[in-house]
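What follows is a single structure, written as structure tokens, with notes after it.
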Amino acid sequence: ILLIIASVIGVIVYRLSVFLVFSATLPRHISETEAIRKYLTPQTATSVTASLISFIVIMVLNVIYEKVAILITDFELPRTQTEYENSLTMKMFLFQFVNYYSSCFYIAFFKGKFVGHPGNPVYWLGKYRNEECDPGGCLLELTTQLAIIVGGKALWNNIQEVLLPWVKNLIGRHCAAAGSEKVVPRWEHDYHLQPIGKLGLFYEYLEMVIQFGFVTLFVASFPLGPLLALINNMLEIRLDAWKLTTQFRRMVPQKAQDIGAWQPIMQGIAILAVVTNAMIIAFTSDMIPRLVYYWSFSVPPYGSHSRHTMKGYINNTLSVFNISDFKNASKPLSSWFGNQTTCRYRDFRYPPGHQHQYEHNIYYWHVIAAKLAFIIVMEHIIYFVKFIISYLIPDVSQKTKSKVKREKYLTQKLLHENDLKVVKRTMGKIAHKIIKGVDSTFQHKTE
């Protein structure tokens, strides 16, 4: 956890430092290409490069966490293979969960939320200023982060699953052919393929569950995620079929009661996804402030419009700050403002001169109350619909239940008939001995 926190903080420091560099140098380099300048802003360039660095760090840490999870599980000495796989599943998923989702949770719920206001910014350890969102919000940056991680992970996994066993088999065939002078039978060729390993399809399950988390936890900010996951899975079905039938030895069939620890993990992700999406809509997007303004603050007693409208919304979200109230530690150069005495910043605070200047105004508390109400209502509605659907659509169909009952009945009937046969056979021998004894006694008396 400390390693992941360190990597997240490293990316934050990278964003803060590189944003200043891009802000100072990027416009000069593209001054003659207005079409590019419109989209390649310093904030966009910083977000994309930081997301790429985060993806590289995630891939490197995955290798470390996999070895640590296996090592810890081996120390436990589980009694059975099922216990071993369930223990390893929980550890590996928790490592991967924190590794993959920590940067996304930071951007969605923490970045730009505790920055203070002009003249009184929030500092870490008294000297490091907190990271702020783009003026348009953090939703676009979260979408960029998700697109790069989801797309990069799918591409990297597919390349790794195809190339790695193929290269190993190619090297193995080359070494085997160099040392042999006879025709090798097919079964020996198959023996030199890659072993499936003691974990079997564990990594396939892990990949699907991590993808399921990306698709569900952050779908409100990245609606394209399910479509990308569908395309990736359609491609991966064919790649896995090719891999398992041509590059690996034939798997040994094993009985399985269920999918083990993956089932509660997926149920937990589905429940957590409702909360995260509700909080993304409430706290990361602008939907709730817009609705509050439209229904409450655009009309009297707060607004001056005669009917509900979105006119004046942008002006209502910008607070006023007096430039003379800047502290020396955070005061910009005076040449930036010219003859201006005030500036605007995105927040809901009282203006200078008010008895509660620079404190949160009534609109801020209305928005907070609406956000919390939205989260509670959305969670209850979705959970209610989920439980109704779960009740109406059973996990096991009635036809399958009938077949299971019939199989149990036939099993009991077979066992009962077998017991009867044993009893008959045993009683027959006893009866034969009794009859034989009676006959010998009767014959003796007659004599």
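From the backbone N, Cα and C atoms, a Cβ is placed for every residue, glycine too.
The domain 'Anoctamin transmembrane' annotation in TrEMBL covers 3-407.
Per TrEMBL, transmembrane segment is recorded for 47-72 (among others). Same-chain residues lying 6 or more positions outside the transmembrane segment (47-72) and placing a CB less than 8 Å from one of its CB atoms are 3-4, 7, 10-11, 14-15, 18, 88, 91-92, 95-96, 99-100, 103, 140-141, 144-145, 148-149, 152-153, 156.
Proximity of distant same-chain residues to the transmembrane segment (93-110), defined by a Cβ-Cβ separation under 8 Å and at least 6 residues beyond the stretch ends, is recorded for 1, 4-5, 8, 11, 54, 58, 61-62, 65-66, 68-69, 138, 141-142, 145-146, 149, 153, 206, 209-210, 213-214, 217-218, 221, 261, 265, 276, 279-280, 283-284. Positions annotated as transmembrane segment by TrEMBL: 93-110 (among others).
Per TrEMBL, transmembrane segment is recorded for 208-231 (among others).
Panel annotation: around the transmembrane segment (259-283), residues 82, 85-86, 89-90, 93, 105, 108-109, 113, 139, 142, 205, 209, 212-213, 216-221, 371-372, 374-375, 378-379, 382-383, 386 of the same chain, lying at least six beyond its termini, place a Cβ under 8 Å from a Cβ of the stretch. What TrEMBL records for 259-283 (among others) is transmembrane segment.
Here TrEMBL flags 362-393 (among others) as transmembrane segment.
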### Tertiary contacts of the transmembrane segment (208-231), as residues 6+ beyond its ends and Cβ separation under 8 Å
93, 96-97, 100-101, 104, 108, 139, 142-143, 146-147, 149-151, 153-154, 262, 265-266, 269-270, 272-273, 276-277, 280-281, 284-285
